[in-house]
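If you check TrEMBL, you get these features:
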- B:27-49: transmembrane segment (TRANSMEM)
- B:56-75: transmembrane segment (TRANSMEM)
- B:103-123: transmembrane segment (TRANSMEM)
- B:130-148: transmembrane segment (TRANSMEM)
- B:184-204: transmembrane segment (TRANSMEM)
- B:234-256: transmembrane segment (TRANSMEM)
- B:268-297: transmembrane segment (TRANSMEM)
- B:317-335: transmembrane segment (TRANSMEM)
Amino acid sequence: MVRHAFAAGAFALALGAGMLAGPAPATAQEGIYVPLFTYRTGPFSGSGIHIANGMRDYLEMLNARDGGIGGVKLLIEECETGYDTKKGVECYEAVKGKKPVMVNPWSTGITLPLIPKAAVDKIPVLSMAYGLSASADGNRFPWIFNPPNTYWDGASMIIKYIAEQEGGLDKLKGKKIGYIYLDAGFGKEPIPLLEQLAKDYGFELKMYPVAATEMANQSSQWLGVRRDRPNYMIMYGWGVLNPTAIKEAVKINFPMKNFISIWWPSEDDARGAGDGAKGFKTLNWHAANANFPAIQDIVKHVVEKGQSKADKASIGQVLYNRGVYNSMLIAEGIANAQKITGKKQVTGEDVRRGLETMNLSAARLKELGFEGFAEPIALTCADHNGHKASFVQEFDGEKYVPVTKPITPLTEKVAPLQEAAAREYVEKNTGWPKRTEPCDKNS
Amino acid sequence: MFYRDAGQFKTSYAADMAVFPLREDRIGLAVILLVAFAVVPLFGSDYLLNVVMIPFLIYALAAIGLNILVGYTGLLSLGTGGFMGVGAYACYKLTTFFPEVNIVVWILASGLFSAMVGLVFGLPSLRIKGFYLAVATLAAQFFLSWAFQRVPWLYNNNISGAIEVPGRTAFGFAVTGPSASPSVRYLVVLGIVALLTLLCSNLVHGRIGRMWMAVRDMDIAAQLIGIRLLPTKLLAFAVSSYICGVAGALLVFLWYGSAEPDVFSITLSFQILFMVIIGGLGSLLGSFLGAGLIYLLPIAMRLAAPAIGLDVAPSTIEHVTFMIVGALIIAFLILEPHGLARLWQTLKQKLRVWPFPY
């Protein structure tokens, strides 16, 4: 027994010593440190792995092809969050000391605690089309960026699409629209907007919340759908929620063409439901194929050298490309910061300015090898989002095919809500710092 | 040799009944307190304070709370996460209603709300025992999680359904919010944890603690010697929930900074229960050791892999950590079913007689 005790003691001592030292200090190596918060484990890994691969591969490609950005190598490091807030905050603390130029939390739950910290630690947060919708207000949230559109924009675009199918917004009257969502910050956020739209346009809103612990078992929600017979279903899901919902919808013979999701489901999510999933629709704002010079460069410089974890078939799929899009924004923010400041080795403060003055014009997208990949986007000091249009894409059994022109959000409905929410956030958090960061001219 | 009771004579009843009868133990405790109160905040890095010490102390406090119920009174509870949530939400509501009151006061007061909720859910404990009680407290857990999700008043109608901690000061220092320095937050957590640990130590070593233990060991016998079961059990529920509630408020206000209802799910309840079981049922020291093992081991392993020059993907480390921690827990339970606290006692016993074991 005593030997066990000593062994345990020695073990504990060794671990304790390691912990006191903390994570390895920033490497002396010159470079721009870009941490990526990823989740390749846990219940959300089905979605998270593709995103992580896309983000990482694009940045690795820049390192391999151009030697980084502006000649400075990117130091890429993944931190595994498992989509868990606790681990995400831990990751943030672990990377904070290494002077990251920005963080990408990839979870609304992790984004929320980081929002107040960003201004204090001088680390911008890029929460691409997730996180706090109100943080699109750059005057109140100078350190938070959530391009290219918010969940409210998404909800309004889906409603607009439905109205188009019915022949106009006034035709929504008397229709029944179901809303199935992840019962967390992410899924709850659109509810006030949907409720208001329901009132304005006279449609009936039915809600089917799915708790995070019950994602894989939605039979009761879909029983409700079968009873209520909504004309359309809207879904805000993530992780296992998406494939389960699609399968259940197929099972109850819900008309798939009337089932529209926010931009998160992947090809795998729909494919699991077999042929019945044909016609399932999602929003999207970028292409879902690999026919772009930049993505071909990823294949050439990263994948074929065996440095990617991505499965070859997944390259060009929705979530992989979403990760690539995210990294394109990261890279553009850094490149822009270098341009404004004239420095090569940029800091978080510089990259904040870089993101704020970002102008991804059609010409710039072409230069980057992304011609036609997504709509041009420009951010301003007041607007950290862009509120860009998205199109609807349909699942054809194998891949997603765009079926509409880009649909613009219902700005007149969304803008007041965003303004009210941002104002309320600032009021609730007494002592919220006023914006002191000067506004750069858009370059 | 260095650790023995020879020559230390107890000349009064007080000395005989002391919690730490040995001079070496007292010195050791003083050194630990000195390190905790002075050395760590002065020399510790932000990472050590934010990621290691603050969460460790908060988990240890929650484990102490649960240990009072499970370890000392023998009432199995799975509602810890819910009770911690009550503390957190109560503190959030209190500080939004009365923003000018010192936040430390509200953190300590929020435990009272959780104690009240604990009392209500403790009522069935008179009639049902063991696993059946565990199921009843499980109901408490589910009900409370449901309330955190579904009662918008609790999170001030926040659109994202999360509670966000406003910046608050106490004694002129920023304690919560982004501008609070890690050392201040650490010292507040440490102060509260030390205070409540002292309180619990006095409770469990005194009359009340003995009543709890009598009920735990055999409730019919306890009843026969004149212990009233209902008040005793309810008191255990109240004290336990109070401490868990304070731990929950600390968790959100001084560690996370904002919380979605998911934080207080059944997972948290199980985590705390494992800490208590691994650490040692019915031991305050065990609560600290258990929290240390369950919370700190994965972090240490995540740091250890790069430190010894292994270049593996973070997700692989995550998987491996999962397996190793699981295996270690099983190993500990086989080698020492009474938990780490017992291991420590055995070690002390060996040291006492060393180098002449008999």
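Cβ from N, Cα, C; glycine included.
Sequence-distant contacts of the transmembrane segment (B:268-297) (same chain, at least 6 residues past either end, Cβ-Cβ under 8 Å): 52, 55-56, 59-60, 62-64, 66-67, 70-72, 77-82, 84, 141, 197, 200-201, 204, 213, 216, 244, 321, 325, 328-329, 332-333, 338-342, 344. Two recorded stretches are said to be in contact when at least 3 C-beta pairs lie under 8 angstroms, sequence spacing 6 or more; the transmembrane segment (B:103-123) and the transmembrane segment (B:234-256) meet this definition. Long-range neighbours of the transmembrane segment (B:184-204) within the same chain, counting only residues 6 or more positions beyond its ends whose Cβ lies under 8 Å from a Cβ of the stretch, are 19, 33, 36-37, 40-41, 44, 49, 53-54, 57-58, 60-61, 64, 68, 72, 104, 107-108, 170, 173-176, 212-213, 239, 243, 246, 250, 254-255, 284. Within the same chain, residues 83-84, 122, 125, 129, 133, 189-190, 192-193, 196-197, 200, 203-204, 209, 212-213, 215-217, 232-233, 236-237, 239-244, 246-248, 250-251, 254-255, 271-273, 275-276, 279-284, 286-288, 290-292, 294-296 sit at least 6 positions outside the transmembrane segment (B:56-75) and bring their C-beta atoms closer than 8 Å to a C-beta of that stretch.
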